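A.B. asks: Provided herewith is a single structure, encoded as structure tokens, for subsequent inquiry.
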Amino acid sequence: MQPDRSFQSFASRYRQSSFTYDVKRDVYNEENFQQEHRKKTASSGNVDIDISTVSHHVQCRCSWHKFRRCLLTVFPFLEWMCFYRFKDWLLGDLLAGISVGLVQIPQVLMLGLLARHLIPPLNVSYAAFCASVIYGIFGSCHQMSIGTFFLVSALAINVLRTQPFNRGHLLLGTFIQADFSNTSFYENYNRSLSSVASVTLLTGIIQLSMGMLGFGFIVAYIPEAAISAYLAATALHVMLSQLTCIFGIMISYNSGPIAFFYNIINYCLGLPKANSTSILLFLTAMVALRINKCIRISFNEYPIEFPMEVFLVLGFAAFSNKVNMATENSLMLMEMIPYSFLFPVTPDMSNLTEVLIESFSLALVSSSLLVFLGKKIASFHNYDVNSNQDLIAIGLCNVVSSFFRSYVFTGAVARTIIQDKTGGRQQFASLVGAGIMLLLMMKMARFFYRLPNAIVAGIILSNVLPYLEAVYTLPSLWRQNQYDCLIWMVTFMSAILLGLDIGLVVAVTFAFFIITVQSHRTKILLLGQIPNTNIYRSFQDYREVANIPGVKIFQCCNAITFVNVHYLKRKVLEEIEMVKMPLTEEEIYTLFSQNEEGAQRGKICRCYCNCDEPEPSPRVIYTERYEVQRGRESSFINLVRCSRFESMNTAQTMSEDQVPYITSSSSQRNPNYEEVEKVWLSDDPSRSMTITLPEASDTQVRATKLLPYSTSTILPSIHTIILDFSMVHLVDARALVVLRQMFSAFQNANILVLIAGCHSFVVRSLEKNDFFDAGITKAQLFLTLHDAVLFALSRKLPESSELSVDESETVIQETFSETDKKEESRHKTNRSLIEAPRSKSPGFSLLPDPEMEEESDLDLYSTIQMSKDHGLDLDLDLDREVEPESELEPESELDQETELEPEPEASPKPNRQKYWSLFRAIIPRSPTQTQARTQSVDRRHQNVKPYTSKADTSEDALEI
């Protein structure tokens, strides 16, 4: 059956199609948008809310849906028991339960050999059965097998050293059967069992408290790399512990930091005493299990493995009972235990304080191993586990186990893998395995006493080996994420070198540190505009990104906190080539001094009584000012490109009102040309300077094109900074203080700072922390980045510098001395920089209204007017869409502030916008050039803007 062709061509059809949209709306900032559109809830706490309506009443009622959800959370077994699919899951659960139960029997028998403590195996069996039932009811992992784990029990060796029995031979690795007729042996043995029960009880209480207090959320912050590394280290510890069964030798087992290498050395020293029969049996089991991986069985399309572990346990147990094999088994260990079963008793509460440290260590390791293993298994089957519920479940298991004077229980790594791969789908498999284990231990325990320990070691190593294969994924993990690879290596090495308990603490601490660094190390991108669109992308990603003259756009890609806010400020200052200068004490005092104190400054000492409450300390406006970085005068200059002249005659008068200008031509860029002398241009319009502008010939026009740097353009100075907060979800209180001071400092430097794409949650955070005042209002917050850019372009650009001429192509550089810079910044301290398109903000009343011109030559006219006042007869061409024969007719004007009257538009404005320099040199064109230019203008008139707003007409000054 072939799929529908329409479905196949869906992606191709829509990939080839292009969609356009045309939206007409005003430029919105946060202030006028909230005025026009009503919000559902108040954004600040100082607004009265009418709670008389029914929708605001708190409804405290319990529905059946909520009750059922709460019941299924506390008792997860109800979900799988009520919806159990017998036809699909029953056979797999039975097969997995039989495999797990048969493997658990020899593990219980040989546990005393590894844990160096002799507990009646029937007590451990009863405790394991109760633990499986409890976890089946309260646990959330479907394939988890609960039981004793040697590595967890080995952490209690320090407790056994304080309460030894049998003269401590077990701890030294020598198994000598004690004299049961000695009464002191029973006293020491019972005291040792009481200590183990106390440790297990306190461990369960700690885990139960952690689950009820919700400490399971910590697992959500532990990355997958840390979990994988910890399980790999656990697998390596398990492999090392099984060397006792593989080689048939006993060593003095060590625990704690560097114990891993001490045990390796002890095993190497004991290799001459290794049992060859045990090694051969181990290799036989490994080969059989390896071949078994090639056998594929599926039941109802669910893959399962052949239960080879069942045949190995039953086969070698039967063979060893018929044939005497010279290998290590559990028979000798069972003969050293004085009791076959001890009835449950209440643990001793008097020594809980003595085992507090060991219990806390066991609680961390056992709960972490259970949760990590559960998350790993659940990720394979695409479901989630509840970490808090698992902590409660394992805590109850250990509390119940303490009454049987058993070990601490956790997730058994090898049996969990066996239950998963043999088809176990729900906790019903664990219940089946626990029932089979208890039944066989009560009726047929001696049948398994002669089972070789090497067979059990082969089964365990074969099943935990896949967790160690994660080492092979390190190269790919390094290529994907270096931070995760670093977490993996640190977790693995700490768990190996320092042990599972201390290594766990180090791994979690390091993972939290890396996550904190990643979350607070924000990425600041400099954005530009994709031509003819409202899309803004980073300059590092796209080649056609265009810079907007006078505007810098910074995108913050993370939360802004006290950690990275200074990096944001430093990045902004670097991009706009400015440095921060700390204010002096006199300048800070001037900021905080009140007007009424000016009359009493002459008094040295004043004494008066003031019984009123002390007023709150004034807000720090800013503690530093921003200045252009020294050595980069290009940030302080305005470059204007003029036409080429053959001669220049200047008549000038020196006075204090004149401003120095340096005329730099193309000869300054090339040492082959002669240097240009400095001239003085008058700043007073009453004074004039007469310059003759001869017409350039065709030869000179062609020569102009060959001048070096003749086509270079330099952007105007920065007047607006836009911060894109569309990816910012949090701004803390300290970061808001730094941002507020940064806004004020930039305002003092005549640079306006706008925020775009600010989330409502961040806006409420700004309001709660009193971010807005008379100088910073919501008019500086824009809904989108394009709104902020349009507003920045609608503002009047900085006034262009005076014009001068030279015999060659001339570039005028406006320079100021350091004293003039400081005086200019002081004059502009109280000057505001923002004017909302729709409403005025009260904090910016000192700034005169920007002149919104209908034509696109705002700065051009002021430059032409100055040039005419100084006697400069210039003919500037802005490459605008006008008729070729249209010319600017000179006008004699006495007033410098006279505005240029708007001319009616001859044709619609073009749709394409390109941002270039404001001024270009006019070059007399030949008729051929004029005709070609006219044709390009006609072609550009074919694309018409969908709409034209009066508020954006000043933006045409950047359109060429």
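The backbone N, Cα and C atoms fix where each Cβ goes, and this holds for glycine too.
According to Swiss-Prot, the record shows the following:
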COMPBIAS  818-827  compositional bias 'Basic and acidic residues'
COMPBIAS  884-904  compositional bias 'Acidic residues'
COMPBIAS  926-935  compositional bias 'Polar residues'
DOMAIN    541-792  domain 'STAS'
CARBOHYD  N190  N-linked glycosylation site
REGION    662-957  region 'Interaction with RACGAP1'
REGION    807-857  region 'Disordered'
REGION    881-960  region 'Disordered'
TOPO_DOM  1-93  topological domain 'Cytoplasmic'
TOPO_DOM  244-268  topological domain 'Cytoplasmic'
TOPO_DOM  375-390  topological domain 'Cytoplasmic'
TOPO_DOM  449-453  topological domain 'Cytoplasmic'
TOPO_DOM  516-960  topological domain 'Cytoplasmic'
TRANSMEM  94-114  transmembrane segment
TRANSMEM  118-138  transmembrane segment
TRANSMEM  140-160  transmembrane segment
TRANSMEM  202-222  transmembrane segment
TRANSMEM  223-243  transmembrane segment
TRANSMEM  269-289  transmembrane segment
TRANSMEM  354-374  transmembrane segment
TRANSMEM  391-411  transmembrane segment
TRANSMEM  428-448  transmembrane segment
TRANSMEM  454-474  transmembrane segment
TRANSMEM  495-515  transmembrane segment
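Help me see these features in their spatial surroundings.
C.D. replies: A helical conformation is recorded for N190 (N-linked glycosylation site) in the three-state DSSP classification.
Shown for the topological domain 'Cytoplasmic' (244-268): DSSP residue counts in helix, strand and coil, namely 14 helix, 0 strand, 11 coil.
Confidence over the topological domain 'Cytoplasmic' (375-390), given as mean pLDDT on the 0 to 100 scale, stands at 91.
Cβ atoms under 8 Å from those of the transmembrane segment (140-160) belong to residues 76, 80, 100, 104, 107-108, 111, 114-117, 124, 128, 131-132, 134, 171, 192, 195-196, 199, 234, 237-238, 241, 253, 255, 355, 358, 361-362, 365-366, 369-370, 373-374, 377-378, 381, 383, 385-386, 389-390, 393-394, 397, 406-413, 415-416, 418-420, 424-427, 429-430, 433, 500-501 of the same chain, restricted to positions at least 6 beyond its ends.
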A.B. asks: Which bits of the chain, at least 6 residues beyond where the transmembrane segment (223-243) starts or stops, bring a Cβ under 8 A of a Cβ in it?
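C.D. replies: For the transmembrane segment (223-243), the far contacts come to 114, 150-151, 154, 249, 260, 263-264, 267, 368-369, 372-373, 375-376, 413-414, 457, 460-461, 464-465, 467-468, 470-471, 477, 484-485, 487-492, 495-496, 500, 503-504, 507-508, 511, 515.
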A.B. asks: Taking 94-114, 118-138, 391-411 as candidates, which has the most Cβ pairs under 8 Å with the transmembrane segment (454-474)?
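C.D. replies: That would be 94-114.
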A.B. asks: Cβ under 8 Å, sequence separation of at least 6 from the ends of the transmembrane segment (354-374): give me the contacting residues as numbers and ranges.
C.D. replies: 140-141, 144, 149, 151-152, 155-156, 158-159, 162, 195, 198-199, 202-203, 206-207, 210, 216, 219, 227, 230-231, 234, 385, 387, 390-391, 394, 398, 408-411, 413, 416, 500-501, 504-505
A.B. asks: Tell me, how many other CB atoms lie within 10 A of the CB of N190 (N-linked glycosylation site), whichever protein chain they belong to?
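C.D. replies: For N190 (N-linked glycosylation site), the count of other Cβ atoms within 10 Å is 16.
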A.B. asks: For the topological domain 'Cytoplasmic' (375-390), could you work out the same-chain residues 6 or more beyond its ends whose Cβ comes under 8 Å from its Cβ atoms?
C.D. replies: 73-74, 76, 138-144, 211-212, 214-217, 219-220, 227-228, 231, 367, 416, 420
A.B. asks: In the topological domain 'Cytoplasmic' (375-390), how many residues does DSSP put in helix, strand and coil?
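C.D. replies: The topological domain 'Cytoplasmic' (375-390) comes out at 11 helix, 0 strand, 5 coil.
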A.B. asks: What is the three-state DSSP composition of the topological domain 'Cytoplasmic' (449-453), stated as helix, strand and coil residue counts?
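C.D. replies: When I sort the residues of the topological domain 'Cytoplasmic' (449-453) into the three classes, I find 1 helix, 0 strand, 4 coil.
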A.B. asks: So what's near the topological domain 'Cytoplasmic' (449-453) in sequence-distant terms, Cβ-Cβ under 8 Å and 6+ beyond its ends?
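C.D. replies: Apart from its flanks, the topological domain 'Cytoplasmic' (449-453) reaches 106, 109-110, 113, 244-245, 248, 277-278, 281, 313, 316-317, 320-321, 325, 327-331, 334.
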A.B. asks: Can you name the far-off residues of the same chain, 6+ from the ends of the topological domain 'Cytoplasmic' (244-268), with a Cβ under 8 Å from a Cβ of it?
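C.D. replies: Same-chain contacts beyond the flanks: 110, 113-114, 116, 154-155, 157-158, 171-175, 237, 274-275, 277-279, 282, 327-328, 453-454, 456-457, 496-499, 502.
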